[in-house]
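K.L.:
The annotation motif ''HIGH' region' is assigned in Swiss-Prot to 58-68. Per Swiss-Prot, L-isoleucyl-5'-AMP binding site is recorded for Glu560, and the stated evidence type is sequence analysis. Residues annotated as motif ''KMSKS' region' in Swiss-Prot: 601-605. Per Swiss-Prot, ATP binding site is recorded for Lys604, and the stated evidence type is sequence analysis. As annotated by Swiss-Prot, Zn(2+) binding site applies to Cys900, Cys903, Cys920, Cys923.
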Amino acid sequence: MTDYKDTLNLPQTEFPMRGNLAQREPEMLAHWEAAKRYRKLREVCAGRPRFVLADGPPYANGNIHIGHAVNKILKDIIVKSRTLAGFDAAYIPGWDCHGLPIELQVEKKIGKVGHEVDAAAFRKACREYALEQVDSQRQDFKRLGVLGDWEKPYLTMDYQVEADTVRALGRIIERGHLMKGEKPVHWCVDCGSALAEAEVEYEDKTSQAIDVRFRVEDELDLLRRCALDGDGEGPISVVIWTTTPWTLPANQAVCLHPELSYALVRVGDERLLLAEELVEPAMKRYGFSDARIIGRCQGAALEGALLHHPFLDRQVPVILGEHVTLEAGTGCVHTAPGHGQDDYIVGLRYGLAVDNPVGPDGKFLPGTEFFAGESVHQANGHVIEVLRERGALVLAEKLRHSYPHCWRHKTPIIFRATPQWFISMEQAELREQALKAIQQVQWVPQWGQARIEGMVSGRPDWCISRQRNWGVPIPLFVHLETGRLHPDTPALIEAVAQRIEAQGIEAWFSLDPQELLGKDAAAYQKVSDTLDVWFDSGVTHATVTDKRAELGLPADLYLEGSDQHRGWFQSSLLTSVAMRGTAPYKAVLTHGFTVDAQGQKMSKSKGNVVAPQKVVDTLGADILRLWVAATDYSAEMAVSDEILKRTADAYRRMRNTARFLLANLTGFDPARDMLAPGQMLPLDRWAVDQALKVQQKVTGAYEQYQFHQIYQRVHNFCSVELGSFYLDVIKDRQYTTKADSIARRSAQTAMYHIIEAMVRWLAPILSFTAEEIWQEIPGERNESVLFNTWYQGLFALDASEPMNEAFWATLLDVRQAVNREMEKLRAAKASSLDAEVDLYCEPALAETLEGLGEELRFVLITSYARVHGAASRPDDAVETPLEDGTSLWTRVTRSEHAKCPRCWHHREDIGASSDHPELCGRCVENVAGDGEQRRFA
């Protein structure tokens with residue numbers, strides 16, 4: 001038997017079937033770096049319209065985790081897709097480099113400031129440590145395939161950025177937003193510092209909840225207020241309820257709601273006052289069965305009544321506040337303005353003292369009666385003891401409730417009044433302006449707007465000062481007597497900023513005030529506080545986005561995890577509005593957190609942590625990138641080894657599709673061999689039209705940041721339109737027709753258009769694989785797919801031509817029906833080419849199918865395909881309902897004809913040629929004649 005293998009156009013490509021991504025990706029990265037890929041891309045994109053994505057800086061401490069990987073990959077997908085859409089989309093990565101976590105790490109190495117090391121040496125060590133962390137994280141981010149200016153990232157500890165951070169503070173001061181105040185702030189005794197809102201986490205905690213009697217000083221006055229002449233004897237007390245007994249030494253008042261009804265309740269030989277709605281549950285808790293309401297009044301009627309502190313020798317007033325609720329307790333709120341935000345606000349109205357008997361270490365100050373030197377959390381038991389001894393305790397019980405904790409130490413925090421610097425939310429109308437600015441921004445998902453509006457509406461003034469060493473200084477001089485800022489503060493801030501540009505923050509810490517103030521120095525105190533790190537990152541719109549030539553304000557997009565509504569999105573918004581009256585961004589996109597396959601939070605103790613480093617070292621970065629793109633990031637993002645394995649399977653489908661296309665473009669030179677649409681076969685025009693429809697979906701989804709839709713559509717295109725139909729059908733034409741025939745060049749033209757488009761669809765997501773594909777596509781090309789824009793060579797199928805989209809949709813439907821019957825043959829170890837198919841249908845469908853003539857068999861991939869009227873169907877024909885509501889009857893039989901060894905079709909004309917007796921007629925034509933003619937498929 002003659003071997004006809006050399007007469008076939010068998011697929012050939014250098015593009016390997018296996019990705020071997022873990023090995024190949026680092027080689028590609030090294031090549032891109034050597035070729036200065038990012039720099040060249042900037043040159044290619046110069047002059048295009050800008051797209052600015054501002055990078056929220058990760059903290060320069062520790063290894064990157066899967067959440068970091070998700071964030072950086074999403075940003076990279078956006079930047080690359082905007083580049084392909086024709087924008088100049090630079091990416092400047094950044095790092096947050098100051099603050100407590102770095103201090104804690106450095107303390108472990110060299111000790112605490114003032115003990116083992118001086119402050120300047122400590123800050124130097126912090127800078128060195130942060131730089132090491134940046135270098136480590138930078139390598140991990142680059143390994144993910146993230147393209148950016150890794151040689152010139154921004155660091156919040158860069159001298160220039162530190163200087164511009166100080167200038168940003170100066171601008172905020174000039175516009176009237178800074179204030180000094182003794183206010184209660186979140187305070188972590190372990191940090192020894194105030195915490196920002198974003199540094200507070202709420203966790204469940206068991207506390208001592210107590211109900212306490214505050215004796216009424218003038219009982220007759222109170223009875224008059226309750227419209228009572230009197231009801232027996234016995235003391236009258238207002239009962240408060242609190243879960244922080246340790247704050248009672250700082251009590252200055254008891255607060256009631258002006259519009260609630262309060263009841264005077266007779267219990268045994270005493271009378272208690274509390275909210276009427278809470279009388280029944282309270283008496284039940286106390287175990288008082290003989291309680292009887294003897295009088296009522298509105299809260300407003302009790303304003304100004306005097307009570308006696310339960311264990312200190314002082315009177316406290318009844319005051320009114322809208323914050324009092326009936327959710328728990330008694331409706332009477334113990335008020336200590338030094339230990340709570342609501343207490344502080346209501347206390348301002350009544351001129352109450354902001355008393356804070358607690359030191360920065362969380363211990364009561366010397367001179368605090370009863371409790372001096374005790375830790376506040378340990379003092380709860382002692383407070384209860386003192387109350388019990390004085391007969392002031394009604395009830396003490398344990399309560400499990402949500403309580404603020406330090407995000408670093410995971411320990412309960414306290415509210416503590418301290419002298420701090422604040423960005424005021426009311427002064428100069430910052431809150432009002434910020435709420436207006438929020439409405440000008442596009443929030444994705446949309447619920448983000450309501451979330452940040454709620455947070456900005458309800459948030460307290462922003463405490464921006466910290467009592468730390470490693471941070472940007474608050475470079476102010478305060479008059480020792482008046483407490484006012486130096487009158488030349490703007491000029492002084494600029495002078496300090498210029499010094500910081502040259503020497504870093506050490507320029508402030510080592511500064512002798514006389515150098516700037518001259519003889520005034522003796523009258524002023526140099527502020528030693530540092531800025532909250534959320535201020536550092538929050539002003540990057542001014543220190544980075546507005547300063548780097550390739551960026552610019554406002555940023556088109558901020559993209560971070562959904563926790564950043566209370567973090568970076570908010571600190572950026574407030575500082576930008578404070579500085580220039582507008583938001584720093586046009587759109588804000590948030591992604592959910594990563595969880596395991598069961599929806600559980602990841603933790604080392606559960607053993608469910610997925611480390612990005614391990615994923616890229618085993619599966620490759622493109623698999624991780626594909627998982628990110630395939631997952632709806634608007635909700636929680638589930639990841640596990642099994643999920644990543646499924647992602648790798650999907651990757652293989654797309655890779656194999658690309659490989660098939662490339663392998664069948666062997667010998668094709670687009671400049672020489674590409675056909676015009678009118679010269680192409682209808683099936684090939686249909687394939688290009690399908691690719692165009694996919695491209696419209698893909699580019700639209702990239703624009704809307706709906707990456708999971710891209711994954712679904714492209715994967716589906718590879719599996720269904722291409723894998724299950726088009727590529728299957730054209731194999732025969734590709735392999736068996738003459739190499740330079742119109743039939744083959746038509747299919748190659750379609751495949752060329754498809755791979756040119758597809759490589760661009762994949763490039764933002766499968767960055768390594770796309771570049772690998774790019775190098776193998778025939779024809780002249782530049783060095784990177786990213787140096788191009790979306791492919792413009794696709795074209796639509798003319799709806800007026802006979803073989804339009806509806807025609808091919810019908811063919812697909814028929815083919816599926818035939819395939820179901822073919823499966824029975826395959827189960828018997830036969831192929832569809834071993835079969836002959838008879839189709840029985842109504843006239844309209846028969847006309848459609850007959851339109852393909854002899855070529856129907858190629859579409860159905862069978863040796864013979866015959867069309868008959870429905871009425872002539874035999875009993876063993878199998879009925880299949882079609883999409884249009886009609887029926888098709890199919891009969892599949894084994895062919896009795898000989899099999900052509902070249903095309904594997906069973907044909908009756910085998911042996912007709914004496915020169916090639918084994919071949920079928922068309923193979924003879926393709927081997928020895930002018931080649932077969934194909935008109936449709």
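Note that Cβ sites are derived from N, Cα and C of the backbone, with glycine treated the same way.
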K.L.:
Within 10 Å of each Cβ, count the other Cβ atoms, then let me know which of the binding-site residues Cys900, Cys903, Cys920, Cys923 comes out lowest.
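P.N.:
Minimum Cβ neighbour count within 10 Å, taken over the binding-site residues Cys900, Cys903, Cys920, Cys923, occurs at Cys903.
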K.L.:
Work out how many Å separate Cys920 (Zn(2+) binding site) and Glu560 (L-isoleucyl-5'-AMP binding site) at their Cα atoms, rounded off.
P.N.:
64
K.L.:
Rounded to the nearest Å, what's the C-alpha distance separating Cys923 (Zn(2+) binding site) and Glu560 (L-isoleucyl-5'-AMP binding site)? Just drop the number here, would you?
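P.N.:
Cys923 (Zn(2+) binding site) and Glu560 (L-isoleucyl-5'-AMP binding site) have their Cα atoms 61 Å apart.
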K.L.:
Take every residue in the motif ''KMSKS' region' (601-605), average their pLDDT values, and give the whole-number result.
P.N.:
76
K.L.:
Can you check what DSSP calls Glu560 (L-isoleucyl-5'-AMP binding site), collapsed to helix, strand or coil?
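P.N.:
DSSP call for Glu560 (L-isoleucyl-5'-AMP binding site): strand.
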K.L.:
Specify all same-chain residues, apart from the site residues Cys900, Cys903, Cys920, Cys923, whose Cβ lies within 8 angstroms of the center of the Cβ atoms of the Zn(2+) site, ordered by sequence.
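P.N.:
Once Cys900, Cys903, Cys920, Cys923 are set aside, the remaining close residues are Thr736, Pro901, Arg902, Trp904, His905, Arg907, Ile910, Leu919, Gly921, Arg922, Val924.
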K.L.:
Excluding near sequence neighbours, so keeping only residues 6 or more apart in the same chain, what lies with its CB under 8 A of Glu560 (L-isoleucyl-5'-AMP binding site)?
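P.N.:
Result: Gly56, Asn71, Gly567, Trp568, Phe569, Thr590, His591.
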K.L.:
Within the chain of the residue listed as 'ATP binding site', which residues six or more apart in sequence place their C-beta under 8 angstroms from its C-beta?
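P.N.:
Result: none.
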